[in-house]
Amino acid sequence: MAAPPAPAAKGSPQPEPHAPEPGPGSAKRGREDSRAGRLSFCTKVCYGIGGVPNQIASSATAFYLQLFLLDIAQIPAAQVSLVLFGGKVSGAAADPVAGFFINRSQRTGSGRLMPWVLGCTPFIALAYFFLWFLPPFTSLRGLWYTTFYCLFQALATFFQVPYTALTMLLTPCPRERDSATAYRMTVEMAGTLMGATVHGLIVSGAHRPHRCEATATPGPVTVSPNAAHLYCIAAAVVVVTYPVCISLLCLGVKERPDPSAPASGPGLSFLAGLSLTTRHPPYLKLVISFLFISAAVQVEQSYLVLFCTHASQLHDHVQGLVLTVLVSAVLSTPLWEWVLQRFGKKTSAFGIFAMVPFAILLAAVPTAPVAYVVAFVSGVSIAVSLLLPWSMLPDVVDDFQLQHRHGPGLETIFYSSYVFFTKLSGACALGISTLSLEFSGYKAGVCKQAEEVVVTLKVLIGAVPTCMILAGLCILMVGSTPKTPSRDASSRLSLRRRTSYSLA
């Protein structure tokens with residue numbers, strides 16, 4: 001991250017590259033830096049709105065893509081496993097590639113990161129639409145959905161890496177960055193709630209129980225053309241949000257210039273920067289812990305709808321349960337931001353544990369009242385699991401910058417490699433879990449699944465997320481976590497960044 005120099009009168013001498021001595025002048029400069037680093041309410045909201053389309057699309061795919069591929073496209077579970085695994089791996093592989101090219105890109109009139117966000121938008125929208133399109137042929141549907149899911153995940157990565165790294169270039173103030181992150185998470189979740197509501201209401205007619213009651217055949221149910229059209233309409237609604245939200249992002253957010261860009265001296269290569277970041281102990285602990293936690297959340301989301309449809313009598317409550325998860329996540333995000341500021345980030349991590357007993361309860365007692373309680377608690381836990389890593393990453397970057405003489409640009413490597421590892425873990429978790437459905441005898445399009453499939457879904461909704469969350473929290477709790485830099489440390493960090501080398 002690059003921090004702008006503190007305001008000074010014309011002709012004043014430039015600061016020397018050493019820590020300023022404490023005193024009245026230092027305190028005054030600290031207050032001026034704090035005021036200069038403040039972000040307006042409009043900027044924070046517009047920054048959050050920019051991430052809404054990707055979150056809407058990700059939420060729709062998380063809750064409904066697996067069900068769509070199995071029951072509407074009627075692809076065998078083994079092929080669905082390959083589609084999900086290939087798409088996630090494609091998105092994961094795109095992260096270091098995105099970090100490499102973004103760090104080598106030159107600053108333009110709109111910044112260094114913003115052009116990547118703008119350039120990816122139309123292609124993401126097209127890939128997302130065709131992901132939900134049912135082609136007329138049947139033999140190559142697996143290849144069709146693998147292609148477009150891989151394209152969507154890769155393009156979404158090239159959008160998300162610069163968008164999330166933009167947090168470090170909004171302001172030099174750590175507290176304001178945390179606030180911008182909270183605004184982003186809240187606005188994104190509100191958009192996700194709206195998108196999931198619209199998507200779910202549109203496609204609900206494709207999964208009604210009368211679809212099975214109307215036929216006496218034990219084999220797969222014929223897919224109605226109306227069901228495929230409903231998914232296309234839902235996809236088109238999501239596609240429209242991309243140009244609208246990105247326009248607001250460009251109008252309301254200004255990327256700060258990088259004052260160390262013209263600094264002399266050799267640059268740091270991408271591979272050298274990646275080697276440095278992946279050997280930083282606080283970063284390693286953060287990444288490994290959230291490998292398990294994020295994979296648990298993805299498994300819970302992916303199998304909730306399938307569990308309600310095939311392993312319990314909750315198919316009439318699917319929309320209500322999804323909305324409960326998202327509403328509780330949206331409402332609890334501001335509360336978790338207050339907890340982060342008041343009690344610290346490590347303490348807030350215990351909120352993720354709340355999902356564990358309730359996930360087991362849902363698998364054991366799959367009734368409607370229990371399901372709604374579990375959905376509410378899961379939403380609260382998901383909120384903190386999403387907010388916490390993005391709030392801790394800037395502190396990890398600052399901790400790294402205080403220990404190493406390397407300038408701005410490395411923040412993109414931190415963000416891209418974090419997303420790479422979490423996506424890779426999600427790919428493995430979803431791929432293996434979906435393959436387990438194939439081994440248990442899941443039949444695409446069949447109304448009543450075998451008892452082995454029901455047991456497998458209960459394990460996937462209860463035991464698997466529980467083990468992953470416990471493992472992730474144990475790793476996160478070991479050792480100390482980076483603290484928010486003090487005022488003097490922030491001043492030293494700002495001086496070091498202004499006198500250090502930039503990333504080549």
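Just so it is clear, glycine is given a Cβ too, placed from its N, Cα and C backbone atoms.
Per Swiss-Prot, compositional bias 'Pro residues' is recorded for 14-23.
For 494-504, the entry in Swiss-Prot reads compositional bias 'Basic residues'.
Swiss-Prot lists 1-33 (among others) with the feature region 'Disordered'.
The region 'Disordered' annotation in Swiss-Prot covers 483-504 (among others).
Per Swiss-Prot, transmembrane segment is recorded for 113-133 (among others), and the stated evidence type is sequence analysis.
The list of residues near the transmembrane segment (150-170) in space but at least 6 beyond its ends in sequence, with Cβ under 8 angstroms from a Cβ of it, reads 1-2, 39, 43, 47, 50-51, 54, 57-58, 61, 86-88, 90-95, 98-99, 102, 111, 113-114, 116-117, 120-121, 123-124, 127-128, 131, 176-177, 180-181, 184, 253, 255-256, 258, 390, 394, 397, 408, 411-412, 415-416, 419, 423. Per Swiss-Prot, transmembrane segment is recorded for 150-170 (among others), and the stated evidence type is sequence analysis.
Outside the transmembrane segment (185-205), and at least 6 residues removed from its termini, the chain residues within Cβ reach (under 8 Å) are 45, 48-49, 51-53, 55-60, 63-64, 68, 226-227, 230-231, 233-234, 237-238, 241, 245, 318-319, 322-323, 326-327, 329-330, 333-334, 383, 386-387, 390. If you look up Swiss-Prot, you'll see 185-205 (among others) marked as transmembrane segment, on the strength of sequence analysis.
Residues annotated as transmembrane segment in Swiss-Prot: 233-253 (among others).
Sequence annotations record features per position, and here Swiss-Prot assigns transmembrane segment to 287-307 (among others) based on sequence analysis.
What Swiss-Prot records for 320-340 (among others) is transmembrane segment.
Here Swiss-Prot flags 350-370 (among others) as transmembrane segment.
The annotation transmembrane segment is assigned in Swiss-Prot to 373-393 (among others) on the grounds of sequence analysis.
Marked as transmembrane segment by Swiss-Prot: 412-432 (among others).
What Swiss-Prot records for 459-479 (among others) is transmembrane segment. When Cβ-Cβ distances below 8 Å are used as the criterion, the transmembrane segment (459-479) is approached by residues 281, 285-286, 288-293, 295-297, 299-300, 303-304, 307, 311, 346, 349-350, 352-353, 355-356, 359-360, 362-364, 429, 433, 436 of the same chain, each at least six residues removed from its ends.
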Same-chain residue ranges lying at least 6 outside the transmembrane segment (233-253) that approach it to Cβ under 8 Å: 42-43, 45-47, 49-53, 56-57, 60, 110, 114, 117-118, 121-122, 124-126, 128-129, 131-133, 166, 170, 191, 195, 198-199, 202-203
